[in-house]
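As structure tokens, the structure follows; a few thoughts come after it.
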């Protein structure tokens with residue numbers, strides 16, 4: 001384990017003493033260090049009647065147990081302090097470590113022995129081996145009462161609200177959209193779990209079209225075969241109009257009653273970060289949105305009608321929209337428990353909705369935590385004039401996602417009444433998708449949140465993985481740079497795939513978000529501020545560094561690609577084409593081994609480089625015909641240890657999100673030997689070689705100069721490493737699988753790779 005502590009706030013000594021005293025640690029500034037440590041530990045072991053026993057089973061050094069040490073005349077030393085501290089954090093002395101000084105250096109332990117009271121205060125705010133901070137572990141065990149009131153420690157809310165005796169209710173928010181054109185505003189179901197509190201509380205809201213269930217069977221039927229010919233497009237300039245949103249006004253009167261009438265029973269799934277905040281005094285709201293089970297309307301996936309309906313839930317929390325008790329719309333209930341302040345959470349589609357909501361500038365949305373979210377839907381299902389699939393899901397497109405998320409069809413009555421209209425709407429969507437050309441058009445323009453990024457007022461926290469080929473890093477990169485300069489923005493850029501990171505051992509992500517939301521949603525005045533970029537170092541396990549920016553580098557390193565012309569044959573023998581189409585993983589393996597139709601260029605790294613931004617290929621290239629698909633991947637090549645893209649379980653169900661509440665696994669990205677690691681990749685239709693909105697002819701056997709930016713990333717390379725650039729045509733995981741007989745030729749002498757560093 002390595003300690004990477006971003007959540008700790010330096011407080012004045014009087015605040016430290018006061019907070020310690022409230023938790024029963026009655027330490028005196030004038031006492032000597034040894035006495036203070038004993039006082040601290042006897043309170044620490046509050047679950048024991050006889051505190052001599054837990055002291056006797058800890059060690060001060062290799063020869064002395066802690067009780068014996070306190071009974072001796074020996075002085076407290078830095079070595080003894082560290083030895084005790086690590087044992088309190090769950091490390092076994094003489095098993096996990098023997099030399100505390102060596103161990104603290106190896107683990108990056110954040111505490112430097114000096115002022116013992118401040119040391120002990122920071123120790124309580126440090127994460128244990130099992131994933132909780134020490135103070136959270138003690139509170140979970142009953143250090144302070146579960147009195148349904150707020151208690152703060154180091155600028156963070158503690159788990160002092162009951163997660164058993166909570167209010168569970170359902171309301172139906174009246175949206176300002178009518179997606180199915182029935183002349184009535186769509187209703188959106190809101191599932192609420194909130195702690196009991198005599199006052200107003202903030203809300204954690206997760207906008208998830210998956211929450212009420214998904215129609216996997218219908219979605220699978222809507223998948224496309226990826227085999228087909230790359231379209232030869234007519235040259236033209238793509239024209240667009242400003243997206244429009246038509247809103248509807250509230251209709252009719254509804255009796256105001258005091259409480260919701262529908263009780264929330266079981267929910268399909270919760271998000272463990274939300275679970276963590278519930279006993280800390282934050283309501284949990286789960287909203288599936290229009291076109292989902294128990295709501296009304298069509299599934300409009302990603303457009304501002306869908307976003308508006310989610311926004312209207314925040315409006316209801318602030319008294320600007322109505323919520324009914326049921327679908328009759330006869331009785332309404334106010335969110336009189338809400339303080340109006342909201343944070344959004346969730347990954348993938350959930351993070352996408354956070355991005356979209358932020359761009360409305362809605363009042364009350366204080367923070368978004370957008371994890372692996374889409375910023376422009378075109379870049380999810382298309383790339384540079386190509387029809388593409390999200391990584392791992394060949395054949396998926398917007399209409400199959402619509403079938404997946406239109407969960408109203410899971411209710412037989414809704415299916416009978418509404419499926420015909422839903423299918424008619426889906427046919428319109430299919431026509432607008434334009435799978436034929438892969439070009440950007442008005443349909444995608446209406447689902448581009450970057451156009452409204454200037455409206456964002458909330459503080460923004462992103463998480464994204466360098467190995468996320470589902471929602472590719474371009475999404476967070478573009479959103480990060482499109483935000484107004486005056487707002488606070490932060491990015492946790494890890495080396496995983498399309499994954500959550502709130503339960504990783506190496507970083508105090510949950511505690512950092514707690515500090516932020518306690519400040520922004522509960523009004524606690526602290527100096528807490530996250531760095532702009534927190535990056536997971538790819539060269540070592542469990543190592544995180546603060547950076548000033550994502551991209552924007554002034555310096556670059558250029559690699560020449562060679563001296564000769566090389567060709568990429570597009571067509572494969574039928575046997576290989578069928579084999580790759582059946583299992584794209586086989587294609588990826590053979591591509592990395594140099595066995596596919598490809599140009600492979602090994603580039604030795606002659607000095608340390610820190611890539612930060614978008615690698616760019618400048619290629620002189622020609623096609624043997626009037627079309628061309630170019631794929632590129634940049635690898636770090638060579639057998640060595642690399643961080644793996646998916647977290648592994650270190651310890652099962654050891655993280656406590658409250659008081660024995662929603663226990664979850666402690667995880668981390670493994671660091672183990674592999675033959676290579678993908679650094680970045682990209683795909684380009686050569687007819688869109690100069691601009692996404694400009695389609696140009698390709699003249700057979702005529703040279704073209706192409707500038708091709710790959711996916712943005714942050715990646716460290718060391719002298720002696722090897723980069724491998726792979727250029728090819730069809731990518732059997734991502735692109736259309738065109739097996740026509742043509743080839744691309746690259747003049748390597750007139751081509752180069754540029755890395756921002």
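In case you wondered, yes, glycine gets a Cβ from its N, Cα and C as well.
Quantities reported herein were computed from a predicted structural model and do not represent experimental measurements.
In Swiss-Prot this protein carries:
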type: ACT_SITE; residues: 348; note: active site, charge relay system
type: ACT_SITE; residues: 468; note: active site, charge relay system
type: ACT_SITE; residues: 498; note: active site, charge relay system
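With a cut-off of 8 Å between CB atoms and residues at least 6 apart in sequence, the same chain places 372, 391, 496, 497, 498 near residue 468 (active site, charge relay system), listed in sequence order.
In the shown protein chains, 20 other C-beta atoms lie within 10 A of the C-beta of residue 348 (active site, charge relay system). Counting every protein chain shown, the number of other Cβ atoms lying within 10 Å of the Cβ of residue 498 (active site, charge relay system) is 21.
Secondary structure at residue 498 (active site, charge relay system), taken from DSSP and collapsed to helix, strand or coil, is coil.
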